[in-house]
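Annotated features in TrEMBL:
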REPEAT    A:45-79  repeat 'PPR'
REPEAT    A:144-178  repeat 'PPR'
REPEAT    A:311-341  repeat 'PPR'
REPEAT    A:342-376  repeat 'PPR'
Amino acid sequence: MKSFSIKLFLVPRRASSLPSTATSFTSQCRPTSHLFDEIPHLDHDPCRFNALLSYHVRAGEPAFALQLFQQMRSLGVPLDSYSFPPVLSACSTSQASGRQVHALMLKFGCISSPITATSLLDMYSSNSPINDVLSVFDEMLEKDTVAWNALLSSLITHGLAADAFAAFRSMVSSRVYFNGFTLCSLLKACVALRALNKGRQIHAWVIVTAYDSLVMATALVALYSSVGQVEAAMEVFNGLESPKDLAIFNALANACVKNGRFNDVFELLVKVKPLDERMLTSAITACSESFNLAYGKQTHCIILRYGLQLDTILCNALINMYSKCGDLHSAHLVFTRIEKKNVASWTSIIDSYGSHGRGNEALTLFQRMEEEEVSCSVLPNAVTFLSVLSACSHSGMVNEAKECFFLMKDKYAIDPGPEHYACLIDLLGRAGKVEEAWDLFCSLYESRNGLTSSVCVAMLNACTVGMDFAKGDEVAKHLLKLGTPNSSNYVQVSNFYGAFGRWLGVEELRTGFSRRGLKKQFGTSHVAV
DNA sequence: TTAGGGTTAG
């Protein structure tokens, strides 16, 4: 309890947002006083307690809010519709506490107000499956704009962007007005679906309805960025008359990274002060993508100067940057210093060793991850397994790759995707095990994943290495039937026929290639000067 | 009570 008072005294900025009743209460506290020693002075007044609950939630102290709520219960303070929104917000990470509060809402008859019901929906949205959210929404007596907005937001959070659009249509047909929050959520759904046309329509609504704001502009920058329209993103950014905040600068920096405008990111980095984790993550990613170790090291120095070296996501980006720029030693050093390693940290370092041809070390790291899984509860995911498989592939470790493939299915219940199959088929092919690769390839016919072009390309290479024309010919025809407008597919098929001296086939392919307007992409090398 | 910006493969 001692830290409660100290925290308040150390953060004067937050004290300004303190409700007046709570201010008077906290001003009575001595720096070392105990919170609940003071509670009798609140006279069991629910208004004062509710104000204090809200204050703790806004100050980012949900644990204090929950303690206070428990104290209110034991003191017999009557709960009303103002008590529940803040306490539900404090339950966002605990489903069990949230359900208890839900029960109390029913007991105190505070479920019918749209405000408390929306808070309840929001709580389930942050810690429960979507069905719980939908149940709350269905049972709401009055579904106003805010309730619908909360539902849309929840659907998007649960990865159901297409359903968010369906919900929006129901909202409109229920004659509920939409507002700027609604449009903002729809823009986020467009980002998830990469839906440029829908996004443009919403942009038009934003202009027509004059719901333009910094938040809306940021969502628009994210939209245009996600579909590769960086010029449109810049137009939104430059057209803003109001002062810009860090979020919109970060959104634009991210747009530049995703669209290969690396120098623009470095220019933004100079303009923005102070920098935060997100802006620096974009800068580090720009260094990775442009293989610019010198800028990467300078940005790392800025990170140290800002004292942000403990941020896990930023460190993951640093591991990736050092690895891509060839400095595996620094990548490892960053990894060892991460206090809270997450699945991306482990995946990044495994991939670093794997892509540098250090398959054994990559596998050792994966085993360490599995050992630490019990204490740190960090589980490998599909990307981790792809990194392990890729590490085995780069080092020709066939048996280890096969073990990993089955471990993924049997122990972790992760369905291998086409990319996992492609990696394993590629490895088997290069090891001359065409029959084994073929069995895997055929098993994909039966699975729902289907045969993607990357799987076909891997199998085609296996047939080229193993000089198996019959199988390769079948795969080549399937690959061309997929109709993926990818010049490298044509090149692979052409090389396959060339390897067997079937030059007529090669000629035909090259003609078809030019007719479709495809151009061969040349390989590039990078030299930092 | 509802809305915006970051990391991991090939």
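From the backbone N, Cα and C atoms, a Cβ is placed for every residue, glycine too.
Caution: TrEMBL annotation is automatic and unverified by curators.
Mapped onto DSSP helix, strand and coil, the repeat 'PPR' (A:311-341) counts 23 helix, 0 strand, 8 coil. Per-residue confidence over the repeat 'PPR' (A:311-341) averages 95 (mean pLDDT, predicted model). Residue counts of the repeat 'PPR' (A:144-178) by helix, strand and coil are 26 helix, 0 strand, 9 coil (DSSP-based).
Residue counts for the repeat 'PPR' (A:45-79) under DSSP (helix as H, G, I; strand as E, B; rest coil) come to 27 helix, 0 strand, 8 coil.
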